[in-house]
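Colleague: The structure is given below, and queries will be raised subsequently.
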Amino acid sequence: MSQDSQHGKWTISSSDDDNDEALPPSGTATSGSRQPTESSHSSYRSATPSPPVEVKPEPAKPPVSSLAVGSEARQSAAKNKLNPVKYETSPSLAGKRKKVASDSTGWALSDSDEDDGEVKGKSLSDLPKKAPPNPKTKKPKVESERPPSPHGRLYYIDEPDDFFESCLPPLNDTYRFYLNKVTGLEKKYNSGALHIRGEFRKNKYGYKLPLIRQYPSEFRDRPVLIVHGDKREAKARLIQQAQPFPHVRFCQAKLDIAFGTHHTKMMLLWYEEGFRVIILTSNLIRADWYQKTQGMWMSPLYPRLPKESSASAGESPTFFKRDLLEYLASYRAPELEEWIQRIKEHDLSETRVYLVGSTPGRYVGSDMERWGHLRLRKLLYEHTNPIPGEERWPVIGQFSSIGSMGLDKSKWLAGEFQRTLTTLGKSSLRPDPPMHLLYPSVEDVRMSLEGYPAGGSLPYSIQTAQKQLWLHSYFHRWKAEATGRSHAMPHIKTYMRASPDFSQLAWFLVTSANLSKAAWGALEKNNTQMMVRSYELGVLYLPSAFGMKTFSVDKNPFPVSASFSGFPVPFDLPPTSYTTKDQPWIWNIPYSQAPDTHGNIWVPS
């Protein structure tokens, strides 16, 4: 079987396993040209980018320096060859390869939350089986496999001028929570959404170096510090890519616990007028900003404090300044001292969200509540109030990757994690409300804007799924008609507590943390120690910080209005349960029974 299409290196970002070995070539599905479907794509026009959406208050100039705290962007050490597979109605032709030329360097797969090794167990009887391996081919460890995407550079189009424009006055910044712009949506669903060019003021940013060439020429000498978790070959490639750019520096995050990852996605932008914090769910790669659903919290522009201000000056009611400094200090990195000092000199008092982070380590005593889900539990305990009938208020979790939960729900999910999510104030009541978990089904991925390749950023493996079939009874579909994003697969991660009629929220969290013990931490030693593997970061919205009892849900968040409205939940409420025919997307098994929106099938090997 020939392999004629050379696709070079491709990128994996944010994997929660700790394996930097070369990745094997895989076959997957693609067509030679990009054919938008009527149901998902509105129009595609090539144009020169224009100024981005304005968000008040905005600085007059682009950032003079920036710090990107980004999840790791690993690349395979050897070039992979791609075998596109075109769907054919004849079973005898379904597996044949079609030659497609490409000069692409590939795209990114992200957010695997595997926190243990390969597991042998019963197979998923109700899920498609992997094709038997060729006995002549030496098979590598299954967990190392990452199916490449057929979407190379030619897949991406230049967005039209009005893609970056706002047709509105300054946006409502009550919550400062925004969805990203998605190429291919009806225009109204991008009105008030943000693109990364908006944060960088005409600067298109990418994690893969040379990112500096994405900046306008007059801004390409601005200092940049990138915090990353790359190791060995991946780290060497990153440093090599930065050789032409002496103003780009790196800081390596310490990952002292196996299978941990640097998964935080944050930008600190330094302006002449002050600085800004952006905490988001997107990796700094183009694939994450193109046709996926992402979210971000963007801070106000923080002004500099007067000289001789006290050490406690500029603190917010949510202690955001203290917690941000503590998070940065947890890296134990001299490279971050400059940023820590800068933050101390600024006024963060306008912040109304709470910081919820994870950093690797084993914590005891009061330190157990500093990170992970126990940090979230503490905030919910101290800053929310019990609600009458709260046992009927469901917990909702939405994510793009799933780790190993254990042999049954009591091991972690319905034990310590659910206890955290159901905490409301100092009530001794520990109800057992409904828990709705949102994760795309195979059909959601198949009918998405990207088709099956969108599943490359939904890395739930067969090895993990087959040992926790009990988990799938919690699953709900990805439906986002209200935001126009039903066909833009979620890379966003959100958690919340909703009223029985789904019109109110007791709290809302947007974060980098997927559904995994690696991200959220797990109790050890008879609940006297908390172990966290990964770096994560998110912001928690509590009604008390906004002078409210609950948040009302905005049923029609687009187009965004400048007047006050409810909270813009990214997906439809109430969630839609899986039917008996629905299966969760699993990325390392084939899907060849039906073509996706580009006429392709998915054949990892």
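Any Cβ shown, glycine's included, is placed from N, Cα and C.
Note that TrEMBL annotation is computational and uncurated.
Here's the feature list from TrEMBL:
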ACT_SITE  H263  active site, nucleophile
ACT_SITE  H491  active site, proton donor/acceptor
COMPBIAS  27-48  compositional bias 'Polar residues'
COMPBIAS  118-129  compositional bias 'Basic and acidic residues'
REGION    1-153  region 'Disordered'
SITE      S516  site 'Interaction with DNA'
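Burial and contacts for the listed features, if you can.
Modeller: The local packing around H263 (active site, nucleophile), expressed as other Cβ atoms within 10 Å of its Cβ over all shown chains, amounts to 33.
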Colleague: Could you state the whole-number distance in Å separating the C-alpha atoms of H491 (active site, proton donor/acceptor) and H263 (active site, nucleophile)?
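Modeller: Spelling it out, the Cα of H491 (active site, proton donor/acceptor) and the Cα of H263 (active site, nucleophile) are 13 Å apart.
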Colleague: Could you give the Cα-Cα distance between H263 (active site, nucleophile) and S516 (site 'Interaction with DNA'), in whole Å?
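Modeller: S516 (site 'Interaction with DNA') has its Cα 12 Å from the Cα of H263 (active site, nucleophile).
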